[in-house]
Structure formats: C-alpha cells, structure tokens
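Annotated features in TrEMBL:
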DISULFID  128-139  disulfide bond
DISULFID  133-149  disulfide bond
DOMAIN    150-207  domain 'Kazal-like'
DISULFID  151-186  disulfide bond
DISULFID  157-179  disulfide bond
DISULFID  168-205  disulfide bond
DISULFID  211-321  disulfide bond
DISULFID  329-345  disulfide bond
C-alpha cells in the first residue's frame, strides 16, 4: 500500500500542470491527506502537495468536498445526452452530498474547476438548469417542457480515469465510479436490494482483514494525532484563504504556538500515547472540530452513516479497523454517534465534552 501511495505522490508532483486533470490531481492529493493517518511518517509531503493544490487551480485553497463522492462533478452530468443536474441535498443513508467549505480535511473541493465547457442557457429554454436531482438521477424534460428526474443510464457515465475512481459497494461489487454506482442504485429503487445497497468504501473491492483488539486501540492514537496536525497545517497556511473561521483560528493558535506540541513525524505508538497524556488539552479541540465538519446534514449533534461516509469511505482500504472503530463508537447501538460517544472514542473525558467547541 505504501509503495502504491508513493506512485500517487510521484504522479502528482511530477505531472506537468498543463497535462494534469484537475479532478485527477485533486483526487491524488485527497488520497495523500487520507493516507497520512496510516503513514504519518510521510506527513511532510503534505506541504509539497499543498503547493500542487495551487498548481491544480485550487485558487481558494480550501479543503472540503470529496472529488469522488462529490455532486459537483458537473462534467459527469453535462456529458449526458440530455441536460442533467445532480442533487446537492440528499438525505437518508446515502453519502452526504454537499459539505460546506472547511469541512472534512480529507476532502478537496473541485466544483469550481470543472473541465466541461460552460454553455450559457436561459432557464426558460432549459428548465433543467434550476432543477436538482439526487445522485443517480438526471434531469429530463417531458413533452410540456416540464423538468423531471429519471434514473441515469450507467452507460452514460464518463469512463473512469483510473482505479482511484472505483467504488466498492456493500454488495462486494466494484463499480467503475460513483456515477456508475448511484445510477445502478437508482435502477434498483423501490426494491429490497436497492434499499440495502450502499457505498462501502472508495477503491476496488478487496479483502479487508479483521480488526484485532490491540489494533483497534492503535487507531485513535494515530487519528487523534493526525487531526491535530491537519489543524496546525491549515492554520499555518491560512492567511487569506479562509481555511478556518476566526473562532477556529483562535483555538488552533494556542496549539500552534505551544512549544510542547509534538511535531508531525514518524512517532511510535508509545510516544503518541504519552503525548496524549502529557498534552491532553491540545487534543480536545481537534476532536470536536472533526465532529463539526462531519455533522452537516443536518447539524443536529449526531453523526449518521451518511455523514460519516466522507471520512470512512476513503479510510477503509487503508485502515482496516475503520469500520469496527466507528461501529463501536456507537455505544448505545442506535445507529447514531452523539458528540459524547465520538469524544469518548478518542479518549476525551466526559467533563471536557463541550458543544460550544463544535464550531
């Protein structure tokens, strides 16, 4: 996995900008940010890839929407024979659609950098321009020029640019892309099979090794440290880019300027555990912050399977304890992870859980 990751990084860092597909470039960058949980010794490469964000035309330098899960991939909809506009506000058990700017650190916004040619049309001539459809459906007009959403034909989906676009469903079947997956799911709408079909993780389906008890205890050590490092990195490069809100900056500034802060690097699990005990207060806000980035649809203080998807879907192929970790975070087994349950999973004491920190 590490060797394959290095191929990703080499491709991103050495592909000429004029030849690099914005979507491909950002997807690779997103993968690298995700992989730093499992390979924290490579965290320093984030800084090199951050430069590529700008070379890939990420003018706002903001981390948010996942290029694979994103409904902002308008090139997928505009290449359909009839006008198509994907939805941005779908609920239930499908992956969260539109995450606001500054959301999940493993996601990258690509909506502004579509490769499709923009065609200026009047809404009266094309009612589909203002008609949104959920993922898996496209907009068409009937004989009276009334827009309606119909299931997209999987064959109309753009061909996948590579394996990094593959999606593994919980039916253990690999789909060429998220477009193919959701089009297939739409065709099964109303059936028992369709109701149970969900996106499991990003990448081709493969054997996921069972998560052992001792491995489960290691997962939050790495992820907790990673969350802190991501926030510090965002703060360090957040001048006029609005990567963090003013309230978030005030919180992260204290961590950033603390001389006792453990720098990102290849640290042993023992060192990570000792640092958490010694500098416990540095980890309280990062844990709350990540909860807030996920709790978006709706922002009600509980994480659903859909809201977790932008974080868990890219992680599962790299961290085989991801699924078990989030399952056990749901202590009362009600299929929702409350802030208190989330904090407990990362070792945050009950008295330090504060909803006001979810900013």
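A Cβ is built for glycine as well, from the same backbone N, Cα and C atoms used for every other residue.
What TrEMBL annotates, mapped onto the structure for a quick look.
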residue: 133; record: disulfide bond; CB count, 10 Å: 24
residue: 149; record: disulfide bond; CB count, 10 Å: 20
residue: 151; record: disulfide bond; CB count, 10 Å: 17
residue: 157; record: disulfide bond; CB count, 10 Å: 22
residue: 179; record: disulfide bond; CB count, 10 Å: 26
residue: 186; record: disulfide bond; CB count, 10 Å: 21
residue: 205; record: disulfide bond; CB count, 10 Å: 18
residue: 211; record: disulfide bond; CB count, 10 Å: 19
residue: 329; record: disulfide bond; CB count, 10 Å: 18
residue: 345; record: disulfide bond; CB count, 10 Å: 20
Whole-number mean of pLDDT values that fall within the domain 'Kazal-like' (150-207): 94
Cβ-Cβ neighbours of residue 128 (disulfide bond) (radius 10 Å): 22
Number of helical, extended and coil residues in the domain 'Kazal-like' (150-207), per DSSP: 21 helix, 11 strand, 26 coil
Separation of alpha carbons, residue 179 (disulfide bond) and residue 133 (disulfide bond) (Å): 13
